[in-house]
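Chemist: What follows is a single structure, and I will ask about it in a moment.
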Amino acid sequence: MESEFPDTDEPVWILGRQHHLNEDKSKLLLDVSARLWFTYRRKFSPIGGTGPSSDAGWGCMLRCGQMMLAQALICRHLGRDWQWEKHKKQPEEYHRILHCFLDRKDCCYSIHQMAQMGVGEGKSIGEWFGPNTVAQVLKKLALFDEWNSLAVYVSMDNTVVIEDIKKMCRSPPQSSSTAHSSAHLHRSALGRNRNAAGLCTGWKPLLLIIPLRLGINHINPVYIDAFKECFKMPQSLGALGGKPNNAYYFIGFLGNELIYLDPHTTQSFVDSEENGTVDDQSFHCQQAPHRMKIMNLDPSVALGFFCKEECDFDNWCSLVQKEILKQQSLRMFELVQKHPPHWPPFIPPTKPEVTTTGAELIESTDKLFELEEEFEILSV
């Protein structure tokens, strides 16, 4: 595992951007240090009240999932080419993104929320997660994140279904009929179908996660070119993977080496300041990232992509047709137009209409009981 980049004419690819080491190494390092870097932390409030107060030794894949999602949020709010500079004042959205991941039970993508959501996926708190479990947990937590309003699609059986993604991302038009006015009120109270500006949009930004097994015990060399191709796509969010019980966030490659951010450093819990900003020094990796030979990768991985607009998704589909599906056999994954008839029907996931999480967002209980006929009232 090397750190310093060699002098070479080969291009380096980082999350859809190409860098040339012999021209400007510092630009590459700036690009890497702009990524949010999440590591093990200690001294946070115990998970679930009585659980662990550090994730050292078990939380590495959760941290990698946080890094991939944070990269999607940066692309959504600040753009792929946004740069982080030490001690420079950052936009409010940046602090808001960072706040989503602080180690507190009230932050939507905190280690607390992820570990507890993992219980529903059969993982006890403090147990190591694989890439697919993290993907399922992010998909569930995203339903409670109204600010970002992401559609999270996790592929099944190595197959991405275009029809299902379009169904999920094309926000349903708001009904104007009076019969639905109370539901309508309720939805706006919960902020559903609305973006940050309160407007209904035609496409929910898509976080697409593709869990894959690229071999049995070792990565099959037949997949290597296609795997590397994914890091060149402008929609790339890299990949989750590593070695058994040792997760890394892969952000690019140089030749036959993968470039990754490593969560295996234990830092102390950092909370936000009273004004909402976060002391962010420890959330950016300020040295050259690690590299490992692609053949040493465990075959269980999850690829990530972010499509802010529908045209980004259409562009991704044509890149996949061209680069991934050109192999006649042993394709890395399949991209199909129609939902396979033998699969159970696709139902876009929705957040329960009334939950304890949503309750604080409803101004008064009167409004809640107007809805009795339309929604079963869950315990609030």
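We number each residue from 1, going along the chain as drawn.
Just so you know, glycine gets a Cβ as well, placed from its N, Cα and C.
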Chemist: Given the ranges 27-30, 59-62, 375-378, which one is assigned the annotation motif 'LIR' in Swiss-Prot?
Modeler: 375-378
Chemist: Counting Cβ neighbours within 10 Å across all chains shown, tell me which of the active-site residues Cys60, Asp262, His264 comes out on top.
Modeler: Cys60
Chemist: Can you grab the distance from Cys60 (active site, nucleophile) over to Asp262 (active site)? Cα atoms, rounded to a whole Å.
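Modeler: Given the Cα positions, Cys60 (active site, nucleophile) is 8 Å from Asp262 (active site).
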